[in-house]
């Protein structure tokens, strides 16, 4: 019983962090000018899905395990996790995702058909998507970078450098998120079945599954500093320029002091 409570506590802490970060991205991403592009829309779309995933684990799965709810509720929840596009594979072929109470993780039905489906339609398919996404991101950033070099625009160097830094940040973000998802697939499908101990299997499957979702949101916020501008405690105070000095600076007039006036006029005695 103590192991299950510890497992539920770990799931709740990780999922709560991921839930908060992903909902934060979902709500405030439209305010960021640097993400008003296809990449930003994809990031927001991904954050919505992961926010729902982490909310389910934080507010439903973890309390259900912690308070030892009826097994029927657990079975209903795991069946509800099967999405409509995969209904044929995971229901008609008798392949379900169910909660294994002994190791506190979600696993597939142990039969040849289900193992085949899990390996090809889940592990290999998602690994292929990770490779394709990384390849497309790298090619896109390189093409944009080469285009900026070949077409000399009238924009300032500061603007070009800022745009280049944003492109590199997009590339870093996409690659790190892809690597994180690849690590989750490796830990769940390859490393998890190797271990037989409760703690290692729990860490390689359930913890990794939730931790990657939280890490994905953290990566998005880390590489997009504009998110910090919507947090009141992290906002930098704007510098206040006195109106008199600002007007003088705008008109190009240099203020003079009384001392400078007297020093610029020669005494009459020096003219003789």
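Using the three backbone atoms N, Cα and C, a Cβ is placed for every residue, glycine included.
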Transmembrane segment range according to TrEMBL, out of 150-169, 170-189, 190-209, 210-229:
170-189
Select from 104-126, 127-149 the stretch of residues annotated by TrEMBL as transmembrane segment.
127-149
Beyond the flanks of the transmembrane segment (170-189) by at least 6 residues, Cβ under 8 Å:
39, 43, 118-119, 122-123, 126-127, 130, 133-134, 137-138, 141, 204-205, 208-209, 212, 215-216, 219-220, 223-224
